[in-house]
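Structure record follows, encoded as structure tokens.
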Amino acid sequence: MKRRGAGERGGPEGKEIMVRLNLRQSTRSIYLGLACVSLTLHLLLALFCLSVLQSACVLPTSSSSSVPRIDPVSHAASSSSSSSAASNKQANSRQHGDRHKPSVGGTFENEGNDSFSEDLERARKLIGVGKVSPAERGRAKLQELFKHPLYNLPRPKLQEDDWLLRLKTDAEAEDIEKEEKANRDSATSDSDWQSGSEEEGYDKVTWTRDEETHPPWLRFHLGISRWELYDRKDLNLAQLTHYLATQRILGAVQKKGGTQLKLLVSFPNYGQALLKPMRQSRDAETDVNLFYFSDFERHNAEIAAFHLDRVLGFNRIPPVVGRLINVTTEIRDVTTDERLSRTFFTSPAGNVCFYGQCEYYCSAEHPVCGRPHALEVSLATMLPDLSLAPRRSWRSPWRRSYSRTKLAQWEKDAAYCDTVKKTPPYNRGSRLVDLIDMAVLDFLMSNMDRHHYETFEEFGNETFLLHLDHGRAIRRSTLLRLRLLSRPDFRLSDVMRESLAQDPLTAVAPLLAEPHLSALDRRLATVLAAVQTCQDGNEDVVYNDLDEHDDQQLGENP
């Protein structure tokens with residue numbers, strides 16, 4: 001009875017169990033097949049992404065075939081005179097309307113005979129710069145801006161004592177020779193200056209009273225006047241920046257003083273420049289929580305400051321140009337600075353790095369590195385030597401306290417400006433409005449560390465302020481230019497974009513990212529709003545330095 005009952009129940013149940021087992025096996029096979037398909041697709045996607053990344057970010061090897069070397073301008077010419085002629089010809093062509101095609105310090109030679117464009121594209125990829133929207137089409141706003149009456153105001157004729165330096169007369173040169181009793185075998189009767197030899201790579205040159213024999217840096221020094229460092233219309237300005245971007249670097253030593261790393265480089269024509277290396281990517285933004293000067297000095301900020309100063313019509317910042325150099329052959333191999341030399345090393349990534357010696361960020365944890373040898377830098381024109389043109393350093397009355405707990409006097413005294421206006425040297429002359437010009441420039445470029453400024457001793461208090469290392473009255477000319485730059489047809493960000501496009505490093509990537517350019521417009525609006533607020537409550541806000549010019553002459557609506 002039991003066996004029969006069990007058999008009767010076991011028949012249908014056994015079939016049901018078999019069906020379930022078959023379904024489970026089929027389901028497992030389907031799941032396993034789907035898993036294999038998914039895994040295959042993921043592997044194919046990973047291989048595809050890897051190939052794309054390798055093609056876009058491939059690092060050059062450390063072999064000599066990938067080491068860029070910057071040559072002189074006229075690498076095909078053997079004489080220094082032909083090199084100078086080529087430089088002057090190119091500079092003059094830019095001044096006569098030809099579009100300046102940026103050059104990154106000459107040609108790159110390597111064993112693999114790669115073209116310059118390929119090296120440049122490799123550098124562009126390595127820097128990792130994002131795409132930037134192109135400048136507006138149509139007429140050049142910068143060119144039209146410099147045609148505006150506010151940028152072409154008539155100036156009084158400069159007198160002899162308005163020049164910082166001047167060439168000695170024959171009689172003066174003869175008197176100095178007699179006093180010093182120096183051996184001047186190489187000097188001629190008309191006071192020519194000749195270098196004695198070409199030792200250490202310097203050019204054998206002859207300088208006379210003829211301006212054409214002077215290198216661009218010397219013409220720049222001789223062009224400094226009581227009111228500005230250079231004339232914007234001077235043809236030598238283009239030649240000077242071209243010379244900075246192309247001249248062969250003979251030596252590099254660390255500059256003494258300052259808080260961060262700076263180098264002094266020398267050129268074959270006896271010129272020098274102040275070098276600041278690239279420390280951050282162009283699109284890096286400063287942390288708002290950093291304490292004033294706790295950020296890296298930026299090479300592109302130095303270049304942008306020169307262009308902004310020129311766009312504002314101040315002409316008080318020495319010309320600065322960007323350049324792509326070889327950190328190995330143009331710094332490490334030519335330096336005579338032992339302190340600098342012993343800080344060089346090769347990083348785990350194969351890049352040549354150094355860090356120098358200074359107060360901030362000069363350590364192995366904060367190195368300056370090539371990629372693997374190419375390094376972006378800014379080169380600033382040096383001012384005349386202090387023995388020729390002494391300068392006086394002044395503490396800014398609106399300097400910060402540099403204390404994390406204490407405020408500066410101007411931050412807590414509402415009458416502080418009135419006190420400054422009664423204090424020499426701000427109680428006469430144009431010193432106070434010069435200081436306001438500098439404050440506007442600093443605010444636009446977010447320089448919060450202006451603790452000192454300098455003037456040339458030769459000019460006393462009647463001169464401009466040197467805007468180096470980057471009140472309640474503002475010049476009328478400055479205010480009108482700021483208003484002009486706030487208009488859509490002369491928007492500050494647009495003219496700055498056009499001006500910066502003339503720099504050689506633009507061939508690698510735009511010098512300022514779009515957010516930085518937009519910040520200029522935003523800060524300009526803040527400055528104009530602050531001036532308007534002052535005008536609403538005060539009468540002596542604008543210092544009229546344009547008495548002889550009416551609104552119609554200046555392009556202003558009456």
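Yeah, the Cβs are placed from backbone N, Cα and C, and that goes for glycine too.
Just so you know, TrEMBL annotations never went through curation; they're auto-generated.
As written in TrEMBL, here are the features:
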{"type": "ACT_SITE", "residues": "Asp449", "note": "active site"}
{"type": "BINDING", "residues": "Gln260, Lys276, Glu297, Ala380, Thr381, Met382, Leu383, Glu454, Asp469", "note": "ATP binding site"}
{"type": "BINDING", "residues": "Glu297, Asp469", "note": "Mn(2+) binding site"}
{"type": "COMPBIAS", "residues": "74-87", "note": "compositional bias 'Low complexity'"}
{"type": "COMPBIAS", "residues": "185-196", "note": "compositional bias 'Polar residues'"}
{"type": "DOMAIN", "residues": "344-473", "note": "domain 'FAM20 C-terminal'"}
{"type": "DOMAIN", "residues": "474-538", "note": "domain 'FAM20 C-terminal'"}
{"type": "REGION", "residues": "62-116", "note": "region 'Disordered'"}
{"type": "REGION", "residues": "175-207", "note": "region 'Disordered'"}
{"type": "TRANSMEM", "residues": "30-53", "note": "transmembrane segment"}
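Projection of TrEMBL feature records onto the structure.
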{"residue": "Gln260", "record": "ATP binding site", "Cβ neighbours (10 Å)": "18"}
{"residue": "Glu297", "record": "ATP binding site", "Cβ neighbours (10 Å)": "22"}
{"residue": "Thr381", "record": "ATP binding site", "Cβ neighbours (10 Å)": "25"}
{"residue": "Leu383", "record": "ATP binding site", "Cβ neighbours (10 Å)": "20"}
{"residue": "Asp449", "record": "active site", "Cβ neighbours (10 Å)": "17"}
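Here the CA atom of Asp449 (active site) lies 13 Å from the CA atom of Gln260 (ATP binding site). Cα of the residue listed as 'active site' to Cα of Leu383 (ATP binding site): a distance of 21 Å.
Residue counts for the domain 'FAM20 C-terminal' (344-473) under DSSP (helix as H, G, I; strand as E, B; rest coil) come to 27 helix, 26 strand, 77 coil.
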